[in-house]
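Record features (Swiss-Prot):
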| type | residues | note |
| --- | --- | --- |
| BINDING | G703, P704, S705, S706, S707, G708, K709, T710 | ATP binding site |
| COMPBIAS | 65-78 | compositional bias 'Basic residues' |
| COMPBIAS | 79-111 | compositional bias 'Basic and acidic residues' |
| COMPBIAS | 125-136 | compositional bias 'Polar residues' |
| COMPBIAS | 268-278 | compositional bias 'Basic residues' |
| COMPBIAS | 666-676 | compositional bias 'Low complexity' |
| COMPBIAS | 684-697 | compositional bias 'Low complexity' |
| COMPBIAS | 984-993 | compositional bias 'Basic residues' |
| COMPBIAS | 998-1008 | compositional bias 'Polar residues' |
| REGION | 1-136 | region 'Disordered' |
| REGION | 144-163 | region 'Disordered' |
| REGION | 179-202 | region 'Disordered' |
| REGION | 249-319 | region 'Disordered' |
| REGION | 348-380 | region 'Disordered' |
| REGION | 611-634 | region 'Disordered' |
| REGION | 666-697 | region 'Disordered' |
| REGION | 900-923 | region 'Disordered' |
| REGION | 975-1008 | region 'Disordered' |
Amino acid sequence: MTDVNCLTSEHIAPTTTTASPPGTPSKNAATDPVEPTSPFVLRAPPSAKSKLILQNMEEVLNSVKQKHREKHKRKREEKRRAALMEDQKSTTEEVKANAKEKPQPLREKSSQENGLKNGRRRSSPLKSSTPVADNQSIMKHFAKAGKPENVGVSPVSTAKPKPTTNVFEFMMNARNRSLGVNEGGAESPADQEIGSEAATPTTKRKLLLQEWNERKGGAKRRLADEARGEFIELQMEQRAKRLRKMLTKTDAKEVTAPSSAPTDPTVKRLRGRPRSRRISSMDAQNQIVESKPPVVKAKDQDPGTEELLSKLSSPTKKRDSLLGYFPKVESPKELAEKVIIAIETPPMETPKRRTLRRKSQQETPIVAESTPSSRPRRSCVGKARYDYDLETSPGKQQKAKPQKADESVEIIDLDNSNPAATPKKLAPLFVRQLPKPSPDPSVLKARQAFLQSGVPDKIRQEQIRQKNFDQMYEDSYEVFPRLAHIGCESFGSKNGPLDIPFALRAEEEYSEVTKALPANKRRAKASSITSCLPADFTSSKTLNKFNYATLPQLENKRGFVKLWKNDFDRFPTFKCYNQMREKYRHFSAIDSAQDTQQMGESLVVTRRTRRSMEQNMAQNEEEAKPPPSAPNGELLFTEKYKPLLFEQVLVNLTPVQELREFLSSWSGNGGSNRNSQGMDDTFDMSNDSASMGSSSNTMVLVGPSSSGKTNAVFTLANDMNFNVLEINAGMKRTGKKLIQELQEATQSHQIRKDGKAGGGSSQQLLQKLQKSGLKAKAAAVEPPSEVRKSLILIEDADILFDNLDAGFTDAIYTLAASSKRPVIVVATDPNCAHLQRLMQQNIIHFQAPNALNISRFLAVLSLMENCPIELDELISVYLYNQQNLRKTLMELQFYIQSGGDSTRDRTGGGIKSPTKTSNSRLATVDGSRIHQRFFEFFTSPQNVQYRIPFPVDFSLLRLNLPDLMASSAMLKEQQAAGGGSRTAAKRKSRSPKKAWLSSATGQKSDGHSSSLATLASFYDNISVASLMDSDCSDRLQWHLSEEIGHLLVEQALQTGLATKECPYNLFDKPVQRFSICQHLGNGVLRSDSAKSLDFEPALRSICRSEKERAGLERKSSRFYHYLRNHTVNVTSFTTDYFDTACSTFQSAAPSSEPTMEAEPKD
């Protein structure tokens, strides 16, 4: 029975402390309130039998609970009404009595005693039989069977008055009770009765669910879970004990120096853990740890309240139970047994304990381990205190001050070996950063192996294989190979003789013909690759070394412009001259200042230099002279003479005007300061731009290379105060990076920057020119505002790289949809597939500038650089460069800096330039000349003996082949049988720019067609070369085909014919030709399967059969045409295209075309 009493008292502790439960001996009931359990006594853990008895009692009580439930319900209903009248009378009396009492802290009492006045019940004693659900505690049923006699006046309640209810203690005690039960805090029994009556349906439903759960074996499952949990806790506690013993043993090995401070011999130091077990000693000799005096308590606190607060201060508690907060009521027999066990226990670990700092005895509260061993041990480190709301005596506060002082002095004595120093925390900027030691390669390898330990074997093997392959590739591959076995095979390196289908002259005859050439004909230069004949070495001795000289400064440039104005129809000659003169003056003055002061590459001009420069420019209107070291400046012509404002655009004005109208809706003032529009115009533009739709913020500029697309954007951005954010093909244009860099710019309307758009050194100089150069409008110019709106420019959007531009197209459409700033997309290919959606919305087409306007612009530019060039020469070079203005400007700058035409070159012979050397189209001032060798300078390189000086357009080759064959020096003269020789007739001029660029050679040529027949195979070969890479749409396509074509033609003519000077035709007649090969690639042209699967004969056959059927029927519209759905124009069903296809090849061979009734495949 001892074990049973022990277990039952443990569960009764939260609700009843002084009253004895039914079933316990009377001696326990008498001794429990008189002799309270000492908190310093170590209790033995419950035996295994007590756990089994506890499980059996829970099963029995669960069955008893169901039988008594109905009985208690009937009693509650009968006694509720009688108790209601008595409660109303007692309520008024209790209110008056409670007003006179002093507040006292809540202390731990029995469930019958909570809420009573002077230990007497306010309501009927029959009320005690009401069941109270207390977290499914098994002892709640014993409280219902108690007799009224047992509920008497307890000694504890009579000794002290009722304490004042503390809010926190009330909440902590109330959470142990179920909902609807407010036994401890209720003051009016009427409220309890009303609450119980209202909660009757809920209680019935809850009881019904509990019955169903018990029928299904819920109690057994709950007991099994609790047993399993207790077993796990027991195992964990045993493991913790073993680890604690191991730690204690390891700590005992460490030798610590004893403290020099005097210590009290009667007090032994505790273990290092703040939570140490203390037991009360019965004998001083067998004492393990001496008991310390209890904590000084407040006057209004009782032992139960103090013990409750000390246990609430524990930071770790059992999760599912609140029994750890209350002491376990034990019988005196158990206490005696535990005392004997504590006395007989030998001090096993006392000598090994490590002494730590000795603190005050009154600081650490004494906590008795009254919980069973299965409960987790609670740590007191950083515990919270719950007694702040209690009324404490002033004596305790006064004693706390010297305790802290003693403690501080004692800590200093113990730690005298390590003197305390005030730490100084410095900012990371002032802390010396020590270099990190290089990690050990073996450690890094071990870490890498640990991180890859979870990787599957298949992936690891693949990574190792890839790594080995990369290593092998790096070791074996050389960027620049040491030995190159691939070379260019010369034409004369073959062993066998060169097979030529026509007769050649002997070497003696060829040398005689070469010596017989006139003196004004062009010969090979000293640095050229010649045929190594004796005549070449003889003529090379007479060549003198030539040095290029600086061009002389022209004095009367305005006189040239006045003479040219009449010839330049509909071109602003004087406006162009004035703009270029201002730019030339400005940059020449800057270059002179830099050359004088020996300034660096930063192009910075000091204030003094700028002042003197402005004064000189204001006083002297003459042209500024550049320094001798850089007679034409240090900037490229493409940067030096590019337009800065909209009014400076002279060519290709229509697309620039359209782009300006698009940007004017985004600009604040509708344009620049000098070209600002009125408020009404700006308002109208904003309304128009708003009506463009959701995609009005994006514009696509499409045009060939060097047509002025990018230059127009930067010009208008500078004119309309925009800041350009450029993205070109040289950047890594992934979609993620593009969105991250431009998302902020697209969402913000303005960007504040002090710098100018374009931000380079040349751009800064151009801005200075913009402010100080144009004097006529200087008064109207206002300083530009610092607030610049952003503009996004995406260059080369039609060029995509698979590895570097992942997600670039999606990023463009995302920016176009979400951007609040204008987005301008520049493309060269109008048929780009991934930009078709943007091109269908807003697009501006740029065309190559007109040859006549560009030639006049370049003529004025060359005049400003003191090198006037013939207008026809500029047109020829511009057309030769496929209307590439950038390339023409670069070649023009190289030609001017090279000195223009040299005296020797003017007298020497060679392939004639397409100009008239006798008469020039441009008028000149007396004493100056016009340079006329610009075209020949780039079409006749020095390292080639003979070169065709016109673009190798193979449609023009048929026009010039007879003249080339007639001028051949190696072909023997032949005459056709019965035919005489005739001289070649001169061609008449049909060119809009100049007369036909041809002259009679005076040589005889045969009228026989054998000359063309000898080059038939050669014509086929160069036809294939002209079509190479026809399916590629990049900027190098034309140049590559041009070089290949030139190489084929020049080597063939030089090796097989050895042609000399001959006239040529640069402009072809406007003849309309149809060529299917222009739309096919190399693979199709050289593929036999493509030729055998040609579908055009089948289509022509279908068209002819449909035409014959329509002519034979009465109504031609009865049946639709077979190819009706495949017309060029979907909205029109005309058959004119099919009729045209029927007439193809009909006149040449009407019967040669077979009739085929094949149907086109889908």
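Including glycine, each Cβ sits where the backbone N, Cα and C put it.
This view paints the features noted in Swiss-Prot onto the structure.
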residue	record	contacts (Cβ under 8 Å, 6+ apart)
G703	ATP binding site	P655, K709, T828, H845, F846, Q847, A848
P704	ATP binding site	T828, F846, Q847, A848, Q883
S706	ATP binding site	A848, Q883, N884, L885, R886, K887
S707	ATP binding site	N652, F846, Q847, A848, P849, L885
G708	ATP binding site	V651, N652, P655, V656, F846, P849, L885
T710	ATP binding site	L793, E795, V826
Practice prompt. Would you mind pulling the DSSP three-state label for P704 (ATP binding site)?
Written response: coil
Worksheet item: Given the binding-site residues S705, K709, which one is most crowded in terms of C-beta atoms within 10 angstroms?
Response: K709
Worksheet, complete the sentence: Per DSSP (three-state), T710 (ATP binding site) is helix
Fill in: Structural state census, the compositional bias 'Basic residues' (65-78) (DSSP three-state)
14 helix, 0 strand, 0 coil
Worksheet entry | Near-site residues: ATP, ref G703, P704, S705, S706, S707, G708, K709, T710, CB cutoff 8 A to centroid | T828, F846, A848
